[in-house]
Every structure is written in structure tokens, then in C-alpha cells.
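J.: Mind having a look at this structure? Questions to follow.
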Amino acid sequence: MSKLRMVLLEDSGSADVRRHFVNLSPFTIAVVLLLRACFVTSSLGGTTKELRLVDGENKCSGRVEVKIQEEWGTVCNNGWSMEAVSVICNQLGCPTAIKATGWANSSAGSGRIWMDHVSCRGNESALWDCKHDGWGKHSNCTHQQDAGVTCSDGSDLEMRLTNGGNMCSGRIEIKFQGQWGTVCDDNFNINHASVVCKQLECGSAVSFSGSANFGEGSGPIWFDDLICNGNESALWNCKHQGWGKHNCDHAEDAGVICSKGADLSLRLVDGVTECSGRLEVRFQGEWGTICDDGWDSHDAAVACKQLGCPTAITAIGRVNASEGFGHIWLDSVSCQGHEPAVWQCKHHEWGKHYCNHNEDAGVTCSDGSDLELRLRGGGSRCAGTVEVEIQRLLGKVCDRGWGLKEADVVCRQLGCGSALKTSYQVYSKIQATNMWLFLSSCNGNETSLWDCKNWQWGGLTCDHYEEAKITCSAHREPRLVGGDIPCSGRVEVKHGDTWGSVCDSDFSLEAASVLCRELQCGTVVSILGGAHFGEGNGQIWTEEFQCEGHESHLSLCPVAPRPEGTCSHSRDVGVVCSRYTEIRLVNGKTPCEGRVELKTLNAWGSLCNSHWDIEDAHVLCQQLKCGVALSTPGGAHFGKGNGQVWRHMFHCTGTEQHMGDCPVTALGASLCPSGQVASVICSGNQSQTLSSCNSSSLGPTRPTIPEESAVACIESGQLRLVNGGGRCAGRVEIYHEGSWGTICDDSWDLSDAHVVCRQLGCGEAINATGSAHFGEGTGPIWLDEMKCNGKESRIWQCHSHGWGQQNCRHKEDAGVICSEFMSLRLTSEASREACAGRLEVFYNGAWGSVGRSNMSETTVGVVCRQLGCADKGKINSASLDKAMSIPMWVDNVQCPKGPDTLWQCPSSPWEKRLARPSEETWITCDNKMRLQEGPTSCSGRVEIWHGGSWGTVCDDSWDLNDAQVVCQQLGCGPALKAFKEAEFGQGTGPIWLNEVKCKGNESSLWDCPARRWGHSECGHKEDAAVNCTDISTRKTPQKATTGQSSLIAVGILGVVLLAIFVALFLTQKRRQRQRLTVSSRGENLVHQIQYREMNSCLNADDLDLMNSSENSNESADFNAAELISVSKFLPISGMEKEAILRHTEKENGNL
């Protein structure tokens, strides 16, 4: 950390300056000299740097010197490497690094030693981009250790191929320092050969060889153990040990054959068409064949493409044509499919094989004009039997080797979406011999069926007598919208590009079962009518789904048309699915005991027991018709299981009918300890239900029930937190004797709150609130004077006055805030927008950021919807703002499609750590207001995002003041006109606002008086609109380049410093003239004060002269309470959460 030291000097070079400095205050002198130091440091950073080589034999060799601050200096050779030499050589236009030396060939340098311990990767653009100790810092180096280099611009280097019959094949030889030498074959491969061929302009590399295949050379062996990536411009630019360093002899000389020296060509012989037949290759003037060992569709695809017949129909082994003769040039060809020529695929050395000519390879290709694919007999072009027509022959696809991946490829090729169903049609044995297409397999990503590998075509026999049939989605898909948990919400179906809702009278239990199964959400739990999940907007489909319940997709259900206008959005149907496809107990002695396993996305996995409790177990036993939960054995009581261990945390109360009804969280879930999987032992009595326990046992004297066991009854005392904005914060309420009631705050403290939080699975208590912090409750006040020791498993096990014994009122209702309470916000020092900034999560009593690893647009959409900030957004680059003192809580958040809150998304476990702004997530959600159907972005129909959907504004009372607020909010110029009566067309969805009465100076439309959200008697023919000037009212500063910015800053700083100094000097001069007497003795006793900057410019909290020496340094630790600041709160999902955070700050501030 930078410090200032005050030094008293006995002498000074200028009496006049000394005399005036004496009269300046210490603070003024400190500021002036501090600014001066900053000016000098800034100037150093902006100084132009230069590099040169001195005292060498030519411009590409010599001692390395760097110029900075107009002063030349040297570089110490500590850690000097060939990587650093490569950087210097490239920087100076001498691209070939020859040698790294401590320059002893000439006189030592002089002046500064600017750099030491230089460490380069080799790809830096300048030497000063490499790591080093710092400018002017070195470890006692002298100029005897000055670093030097020897480079080459290539003009003195040559390469040739010899003894190969032409200039593009043969033994590699390099001329260096006037002498020809060879290259050792150690680690020599096709990448090296590619560099050689490219450098000699001989085309691509066909083959390489070692062991002096082109004869032994003579002279030096210049290179050994070369490392090339294939992109180098010259062989000597590959990494190497150094010129002339090797452990080889000339029996290991390397050679290459390039395409221009191989006389290569490919042809088809003896085929029925121009694109079929036996393959032959010409190599070094002679034709030969290819052996069929390993010959497959990838190899055929390369050959066909090379021959100008781009689609490979069949890869033929033991080709049905007259046998070839002559050489067998290639064997064991293995192509990836993207190579430009067959000989560029992997293969044995040219001419080496283990074949004879009855194994010659061939192909049947097509130019695509004679290939056709279609679906017939299914009622539309996107359903039916798969038919293919190849070279004018019509055939079917045999279902042998046929599956959903292959069907997906067909649907995609035909523009019919994805495959919903694949089946087969049985034919008689007589019809089985036909033209058939056989597929080995598709990976599902191909753009057409012809791209799938190893397919065969012809008059073959389909052993199964079955032809493939497909039903495609045709871009028709369902979804659930607006639910609080995944797999629940309003039913919407997409036809083409349009989403629409479904009337509750048109959706049966069978249809809901199909929907849940299609969405991989398990089984249907309930069907809810009356727009339970909110009203949709847009289309209401006038069709009844007549499913039987066994269909795999909703699109496969028959539909019956309904008359239009018979339904409204107030009757939109909703569905709740179980989310989990299946849930089961395994490895137990009976079906009603065992390890808990969930099936999600067709994969079974065990459930972690870190949050598994008896309430969760009760619900599972009931769902499986196994009575009630008797115990939840810990550890791997029924075995560890295989596959994934699900970290999802259920939060059941014990009264739910299905596990899908319980809230679930996944964000920040810890990795499951080895072997810690959930288990349960149910009573097994399928007719048994949970009866009410004797309420007399629920008093303070009730014995503690171990968490791993429970009585087979529902305790009358259920517990919940109300009005806190989440399940882990709020007013404490207990269900007792048929009524919900509260707890009085007398003696209410953290020990009591700990029991509540632990009982609810919400971690530990952060705050125990009183005075009806979360609002006054109703009904009985059940408990008073709670005195928990903090270890009880239920709040009613604590000592108290007894049930209903109290002298309180509801203004004394107790509440809690637990560590598992979570909230979300976007915050930025540079923006007041609540919908833009750094993504932060409130957890364990503190705000922390969210990492940007694997952050996707889907996850951003979940965040923006959760915050009520439109339905999507974008990820921004790291903010340039100063990073605030805040840790990172969680990283690797990966939301799938479906969750409505970030809490339901998997992530890395909670871990508090420091993070740079570049590691954090910065988001800007789309504007919650937009203008639609206008000629420009600043005119059109006004639409607002609210409650999870877009809606319009009614034109009642709509005027220019309202329009002015809209224009300002959208960043447009002043309002020109406020339109009524759907000037830009009628919108869809809700009419969110009516009777808007702005003054014109509000910052947003929702700050204006209006009727309650969604309360309107208007129709869309009254949609309001605006026309704004298309001139932005937001000032966007012009961005200067880095160099311009630094120069401008330095110039301004210099002018300011000069002005300050002149003003101070004149002021002090005037004061001196006004003095009546001056004691020369006193003046001589005055000492000068000089402030020296010891390291770098000061931070404000480092000025010892301006701060009391008694101030203590702040701890670097992040105390949870210290991280909560009222001044930085933003609204978070409602007033309740804001109240929680405000109270937490107040409580922690009093500690």
C-alpha cells in the first residue's frame, strides 16, 4: 500500500520556493505533490516503447535494448529462453529465431537495465507483453548479463527436397550458415510434412517417411524433435531444440511426398454410371486400387465428393466388377468425412497392404439430382410411410436399424420439425423382397438421410418384413406457463409460430396425462380451470383434445373443432404435473421400503438425503400407497445405488398428496456426501392414513422425536412462515386445533428462531423479528414467552406458557429470517435501473454475486421474468464500475427450459469467495415497455410487461403528458402526439392500465396515477399509442481509444497542476508583501517539508496525514451482517423482501 513520508530538509535549491512552501498548509502540499507523482506515473504508462538489437553481425542479431522514457536500456538474461527470442525476432521482422545468448560477443551495454526474468509464451506481439519483474527492477544484474539474440529474416535460409525424382518429393535438406544438412525423423509426422510442402509451394502433403527412405544425406543434422502444428510458414519456425542439436544419424533422415510431386489422381472404373464403380488411384504415374479393409461410408463420402458426385449411396467392398490389376496403393483407409481427398485420410504407407484384388473397394455415388425422400399415407406430408427414390428406383426403408434418431433426420430434412413417433407397417413375406434402404445408424444431427453412415440400397430382403413409418411434430408443441414450480402452469400450444391457450372445457384428464408425459414431467397431479395460473394473451385455440391417455404426444390426439367466441382467457386451463417421470423405492425387503430413486429425463438416480426428512417421507409413502413413513434410515441403509445422485431439495410439510406438490430448490445445492442417499421405511398399510395426533402431546413437556423416526399421525402443530416473500422468512404461524395462529414476541430470540428455521428445513436463523415486522396476523395467539434452548426439533417442544396462554396482541407477532431465505436483484452503481446491472443473490444473510460460467440466454430469461423485468435479456461484459465489497456466492448456474425462478436451477454448491468483475454476471433485461407496429422505434402502440405477459394501455384520459413520460422512459425525444383508438392496430393480451394521469415529469409510466393493474372495461380498439421525436434524450459519451484517453487525462492533469501551482505561488507572494516584520532568525529556523511518494498514487483511505492514526484497518473478512446496506437495496419481488433486508441491516447495525 502506498504511503507518504514527511521529511525535514536542511537545505533547498531555491530559497524563494522554500519560503513559499513553508507558508502552505501540509494538506495543500500533500495534494500538489501527490498529483505530481500521479502525473509522472501516468506519463510512464503512456510512454512509447522501442526495441532494437545492438552490436550484432547484422540487423537481426545483437544485444537486446529497450527504450522507455526516452532512455535506452538492456535486458538481463535471467530466465532467457527461445520463446523470448521468438517474440523479439517476430517483433523486429526477423521471424526465425536462431539462438538465445547472454551477449558475450561484444562490449557490454550501458545505462539502465530495464527488464529481468522475462517469461514469454512465444505468441506475444511485443517483448513487454511478456511477464517480467517490472520496469527497472532486476536482481542485482550487471551488464555482463545483458541478453542477446540471433535471428534470421529467412534470406540466408533455404530448403529443398532431394533424391525423390522431382522437386516436390524426396529427402528434406536445409541450408544454414552456408551448409546443407538434413532433418531427423524423431516425432516427424504429417504436420511437419504439411509445413514443408506449403513452404515449397508443392501443394498438400501426401506422405512422409523416415529411416532415410530417400537415401542418407550428408553434412549436419540441423533439426531433431521438431514440434509443428501445421500452420507455420517455414519449417524452422516450428519449435525445436536449437540448430544442430540432435541425437540422430543420417539413417534417420526424414522425407516427404507432396501432392504436386506425387502425380495423384482418382477415378471410377467399370461402373454402371459415371458415379459408380471400382476406385483407382494414380500415384507417381501408375494406377492402382484401394483395399476394402475398413472401407465405410465416411471413406465413400470423401471419394464421391472428390469425384464431383457429392452424395455417397453405398460403400462397396469386394466390388462387383472385373478385378483390378497392378498396384494396391492404399489400405486401411480411415476418413473423418471432411477431407478433400482420399489420400489425405489416415492409411498405411503407400503401397503397403495385406490384400489382393478381390478386395478392391468401390462406391456408388450420386450428384443429388436422383435422390428423393417423402412420407406417404399419413394424411399430410409430415406423417406416413418413409419412401425413397434413388436413381429412378422407388423403395421403402426397412425398420432394421431404424429408430427415433433416424426419424428425426427425416422430419428435419422434410421441414417437419422433429420426430414424435416412429412405427412400422408389416407386409407379407412375398412383398419383402423389394428395393430397400438399410441404415446402420444416424447420430441424429445429420441434415439429410443420405448423410447417415453405412446405408445400403438395392434389391435386398428385409428380414422383418416391416417398413418404417413416422409422425413428425410439424412445429406443433405444448408448454406450461406461469407455474411456481417446474412442470406446472397454464397450458399453451404452438401451431406454426403462434402460441395460444386452451379452454378448460376442452382439456380432459386424459389430455393432461399425455401433456405431462410429453413434457417429461411425470404424471398428472391436477387440472385447474378458471385461469388459475393467470390469463393468457393472444389466441385461444378452438379445438377439443380427444386423447385416450396412452398417446406419447399431444399432437397425436384427435381434435374436434369448437365454435369461435365460446371461450375467454378467464377460462384458460392449467395443469400440475408430478415433474418426476417416476419415483420408486429399491433394494428393500418389501415394495414399501428402500432407497429413494427418481427418474428424470429417462434416467434413474438416487436422491441425496441432505434435506430428506420425515415430512418428505410421509408424502412419498402416501403417493406410493404404502401407508405412512415410519423412519428415514440414514447413510446407505439400502445401498448406495448407481447413476446420478440428485441434489434437489424437497420441502414438504407432510400434508401434500404427491411429491410434485412440494416446493423444490436446486440452486447452490451442495455435493452429496458419498453414500448419503435418501431412504424410507413405510408402514405398508395401503389403507392407512395419517390421523391427528393427541394435541395434549404437543406441549412444552413433549419428548423430542428423533428425526429418523415418527409416529404414524399428522401433528396438529403444522408450521409456516407468512408474508415474508419466501418460504424461509416471515411471520411465524402454527396450525393447532383446526386454526392457524401466531406466536407472541415476548422473550422471542435467536434460539427460538433457530428451532423454527431448522424445523422448516431453512438452515439457521439470521434474525428473530418482533413487533409484527411481517404484518399483523389473525386468529389465536397460540404461544407466548418461548424459551427454547435451540436444540429442539419442533417449536412446540420449547418451554412456554402453554397453548393459548398469553397476554399479547397481534402487533407483537413474532417472525424469523432464516439463512436459506433467498432473494434476487440486479444492481449497478452506474444505473438506477432495477432491471440492469450485476446479478446478486441474497443468501445466508448477505448479498453476493453470481458467476458467469455457463450463463446462458435461458438462465437470463429466468432471472428477468423472476424480477418482473420482461421475458428476456442479454449478458453484458464486465462493468467498468469499481467493484463493490461483495463476495461471489454461486457459479455455474444452468437453467433448463421450464423453471420460473432461479432457485430451481442447478448450479455449483454455495461457496463464498472473492471474484473479479469479469467473473461475475452482468445482465440487462429488455425494457418493460415497448412500442409496436409503428414506423420507427419511437412511435407505435404502447405495450407493457407485467405479471409475466405483454399487455396494452387503454386510451381513457390518455394525453400528451402521458405520452411525454413514455417517450422519456424509452430514451426517445419529446412527445409529438398521444394517439387513441388503436391508431397503430389492436394489440393482444391483457389491458394492463387505464385512466393514466401523468403530470409529464414522472420517470416511468407506472409512477403515474392510474386504476389498479388489469382493471379496465376497455377493449383493444381503445389501445393507446404515441409518436415521439426520434432523437435520444440520453447522452452517450463518445469513447476514445485507450491511447487518446490516457493522453487527454495526462494533458488535463498537467493543466490543472500548473494552474494550482501558479495560484498558490501568487497568493503566497502577496501575503509576503503585506507582512510588517519578518524575523530572519525565525525564518532560518523554519524547515522545509517535502512529501515523497514511496510506492504509487494513494488511495483515499491510505493518506496517513489526512486520517487519524487511531483508525484501524478494516478486516478483509466478509462478516455477513456487514455486507447488508440499506442504501444499496433495490425492490426485490415485493415489499416483504425489502422489509426483510431493511430489518436485517438495522439489526446487524446494532451489534
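Just so you know, glycine gets a Cβ as well, placed from its N, Cα and C.
Checked Swiss-Prot, it gives:
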type     : residues       : note
DISULFID : Cys76-Cys141   : disulfide bond
DISULFID : Cys89-Cys151   : disulfide bond
DISULFID : Cys184-Cys248  : disulfide bond
DISULFID : Cys304-Cys365  : disulfide bond
DISULFID : Cys442-Cys452  : disulfide bond
DISULFID : Cys503-Cys567  : disulfide bond
DISULFID : Cys608-Cys672  : disulfide bond
DISULFID : Cys621-Cys682  : disulfide bond
DISULFID : Cys757-Cys818  : disulfide bond
DISULFID : Cys864-Cys925  : disulfide bond
DISULFID : Cys967-Cys1028 : disulfide bond
DISULFID : Cys998-Cys1008 : disulfide bond
DOMAIN   : 266-366        : domain 'SRCR 3'
DOMAIN   : 373-473        : domain 'SRCR 4'
DOMAIN   : 478-578        : domain 'SRCR 5'
DOMAIN   : 583-683        : domain 'SRCR 6'
DOMAIN   : 719-819        : domain 'SRCR 7'
DOMAIN   : 929-1029       : domain 'SRCR 9'
TOPO_DOM : 46-1046        : topological domain 'Extracellular'
TRANSMEM : 1047-1067      : transmembrane segment
J.: Taking the Cβ of each of the disulfide-bonded residues and counting other Cβ atoms inside 10 Å, which one has the highest number: Cys672, Cys682, Cys864, Cys925, Cys967?
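T.: Counting every other Cβ within 10 Å of each candidate, the maximum falls on Cys682.
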J.: For Cys967 (disulfide bond), what is the secondary structure by DSSP, using just helix, strand and coil?
T.: helix
J.: Long-range same-chain neighbours of Cys757 (disulfide bond), Cβ under 8 Å, sequence gap at least 6?
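T.: When sequence neighbours closer than 6 are ignored, Cys757 (disulfide bond) has Cys728, Gly763, Glu764, Ala765, Val816, Cys818, Ser819, Glu820 within Cβ distance under 8 Å.
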J.: Tell me, if you would, which residue among Cys76, Cys442, Cys621, Cys818 (disulfide-bonded residues) has the fewest other CB atoms within 10 Å in the structure shown?
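T.: Per-residue Cβ counts within 10 Å for the disulfide-bonded residues Cys76, Cys442, Cys621, Cys818 bottom out at Cys442.
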J.: Mind looking up the mean pLDDT for the domain 'SRCR 5' (478-578) in the predicted model?
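T.: Looking only at the domain 'SRCR 5' (478-578), pLDDT averages out to 82.
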J.: In the structure shown, which of the disulfide-bonded residues Cys151, Cys184, Cys248 has the fewest other Cβ atoms within 10 Å?
T.: Cys248
J.: By CA-CA distance, flag whichever of Cys304, Cys608, Cys621, Cys682 among the disulfide-bonded residues is nearest to Cys998 (disulfide bond).
T.: Cys608
J.: Whole-number Å distance between the CA of Cys925 (disulfide bond) and the CA of Cys967 (disulfide bond)?
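T.: On Cα coordinates alone, these residues lie 19 Å apart.
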J.: List the Cα distance (Å, whole number) between Cys1008 (disulfide bond) and Cys967 (disulfide bond).
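T.: With the alpha carbons as reference points, the distance is 14 Å.
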J.: Does anything in the same chain, at least 6 positions from Cys304 (disulfide bond), have a Cβ under 8 Å from its Cβ, and if so what?
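T.: When sequence neighbours closer than 6 are ignored, Cys304 (disulfide bond) has Cys275, Pro310, Thr311, Ala312, Val363, Cys365, Ser366 within Cβ distance under 8 Å.
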J.: Using Cβ-Cβ distances, find the residues under 8 Å from Cys567 (disulfide bond) that belong to the same chain and are at least 6 apart in sequence, listing them in sequence order.
T.: Cys503, Ser505, Asp506, Ile540, Thr542
J.: Calculate the distance in Å between the alpha carbons (Cα) of Cys452 (disulfide bond) and Cys672 (disulfide bond), and round it to a whole number.
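T.: Here the two Cα atoms are 41 Å apart.
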J.: C-alpha of Cys442 (disulfide bond) to C-alpha of Cys89 (disulfide bond): distance in Å?
T.: 50
J.: Using DSSP and three states only, what is Cys682 (disulfide bond)?
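T.: Reduced to three states, the DSSP call for Cys682 (disulfide bond) is strand.
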J.: Nearest by CA distance to Cys1028 (disulfide bond): which of the disulfide-bonded residues is it, out of Cys141, Cys151, Cys184, Cys248, Cys621?
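T.: So, spelling it out, the nearest of the disulfide-bonded residues is Cys621.
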J.: Could you measure between Cys184 (disulfide bond) and Cys151 (disulfide bond) for me? Cα positions, answer in whole angstrom.
T.: 22
J.: Could you count the residues of the domain 'SRCR 3' (266-366) that DSSP puts in helix, in strand and in coil?
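T.: Going through the domain 'SRCR 3' (266-366) residue by residue, I get 16 helix, 36 strand, 49 coil.
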J.: Nearest of the disulfide-bonded residues to Cys672 (disulfide bond) by CA-CA distance, picking from Cys76, Cys141, Cys248, Cys864?
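T.: Of all the candidates listed, Cys864 is nearest in space.
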J.: Going by C-alpha positions, which of the disulfide-bonded residues (Cys76, Cys141, Cys248) is nearest Cys89 (disulfide bond)?
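T.: Going through Cys76, Cys141, Cys248 one by one, the closest to Cys89 (disulfide bond) is Cys76.
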J.: Give me the count of other Cβ atoms within 10 A of the Cβ belonging to Cys998 (disulfide bond).
T.: 22
